[in-house]
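Peer 1: The feature transmembrane segment is assigned by TrEMBL to 49-70, 82-102, 143-162, 169-190, 202-220, 232-253, 265-285, 297-317, 323-340.
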Amino acid sequence: MEAAGAAEDAARAAAQAEAPPPGTAAAAPRRLLALLGDKLCTWHILKTILLGQMLSLFICGTAVTSQYLAEQYQVNTPMFQSFINYSLLLLVYTTMLAFRTGGDSLLQILKQRWWKYILLGLADVEANYMIVKAYQYTTLTSVQLLDCFGIPVLMALSWFILRARYRLIHFIAVAVCLLGVGTMVGADILAGRQDSEGSDVVIGDVLVLLGASLYAISNVSEEYIVKNLSRVEFLGMVGLFGTIISGLQLAILEHKDIMKIQWNWKIALLFIVFALCMFGLYSFMPVVIKVTSATSVNLGILTADLYSLFFGLFLFYYKFSGLYILSFVIIMVGFILYCSTPTQTAEPTTVPQPRSAGLDNAALKLDENDSETPAVTVQFTRGESVVVSTD
């Protein structure tokens with residue numbers, strides 16, 4: 001009996017030793033939340049969110065003023081509006097480059113990289129024009145969905161050009177953001193914002209895809225220039241060639257539309273607000289890209305359409321849907337997930353050196369070795385000691 005009792009006591013003691021202490025099961029979720037909080041609630045992520053939403057508000061300002069001009073005053077001049085923005089960039093940043101001296105002066109930049117900046121300016125101008133022009137041919141849903149095509153294009157270009165390397169969480173975050181965009185489009189359809197089917201959907205969809213791809217090219221180039229050269233150089237060159245290209249295109253395509261504008265102080269004020277918002281967007285985007293990346297910025301500004309919608313509730317009497325709040329939350333969750341883990345940069349591959357340097361190079365190497373080998377002097381002294389000295 002005593003043996004049986006001892007065995008039961010030993011089994012009970014072993015069971016108590018193996019069982020987790022009370023409160024451990026409840027502490028595990030708290031520990032996980034604490035780890036997530038330490039990873040997500042950092043100053044870097046908070047700063048990235050605030051900067052990204054500031055850019056979204058700038059985009060919202062350009063969208064609201066453009067729509068107000070179109071609906072209230074029948075003014076549709078996207079190229080003229082872009083021309084004003086590029087002219088402001090020219091006056092501010094190109095002038096700053098003109099006063100520089102040395103290797104980063106305006107003249108030296110034009111001598112070394114003028115044709116690259118012409119292509120960059122052309123891509124930026126046409127991206128803005130194509131997206132705005134697409135609204136005349138296709139539906140709002142198509143523009144919102146197909147405009148997201150620029151994000152995978154941007155990631156692919158960053159992979160090959162900037163050598164960015166993504167992790168699984170980055171792809172999951174992008175998928176979450178795109179799910180938020182889909183929720184927003186569904187809310188638009190349920191709220192009845194799809195009144196028009198467009199005059200030629202195929203042309204409109206192609207314009208959106210081309211515009212999104214050109215935006216991706218412009219953003220990747222911007223990230224490379226900002227992180228390797230300077231923000232002022234990027235903005236100054238885009239302002240210079242953007243003004244020239246948009247001015248020529250304006251003179252060809254929109255001169256009649258500008259002549260039809262019935263100018264008053266309200267229209268002038270809307271043009272000024274648009275220009276200031278666009279100038280602020282172009283001026284601050286390189287700052288945000290330098291802190292984060294072009295892909296992160298493009299994910300963050302997906303909320304711009306939602307801000308425009310919230311303003312539209314009061315200005316254009318849009319119908320509200322709870323799905324808009326849900327889509328905003330989903331996009332922000334995906335954006336925070338993307339920013340929680342930094343991307344890696346692949347090291348450039350080194351070119352292997354040839355094993356045989358050739359007879360001429362071998363002879364040259366022997367000469368170098370001879371010149372680098374110190375002279376050795378051996379002296380015998382009395383007492384049979386040897387003294388070795390090098391010159």
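Every residue, even glycine, has its Cβ placed from backbone N, Cα and C.
Heads up, TrEMBL stuff is auto-annotated, nobody curated it.
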Peer 1: Pairs of Cβ atoms less than 8 Å apart decide it: which stretch in 49-70, 82-102, 143-162, 232-253, 323-340 has the most with the transmembrane segment (202-220)?
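Peer 2: Stretch with maximum Cβ contacts: 143-162.
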Peer 1: What same-chain residues lie close to the transmembrane segment (232-253): Cβ under 8 Å, and 6 or more beyond its ends?
Peer 2: 79-80, 82-83, 85-94, 96-97, 104, 106, 109, 113, 117-118, 120-122, 124-125, 129, 222, 225-226, 282-283, 286
Peer 1: As a test: from 49-70, 82-102, 297-317, 323-340, pick the stretch that has the greatest number of Cβ pairs under 8 Å with the transmembrane segment (265-285).
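Peer 2: Most contacts with the transmembrane segment (265-285): 49-70.
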Peer 1: Can you say which of 82-102, 169-190, 297-317, 323-340 has the most Cβ pairs under 8 Å with the transmembrane segment (49-70)?
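Peer 2: Per the Cβ count, the answer is 297-317.
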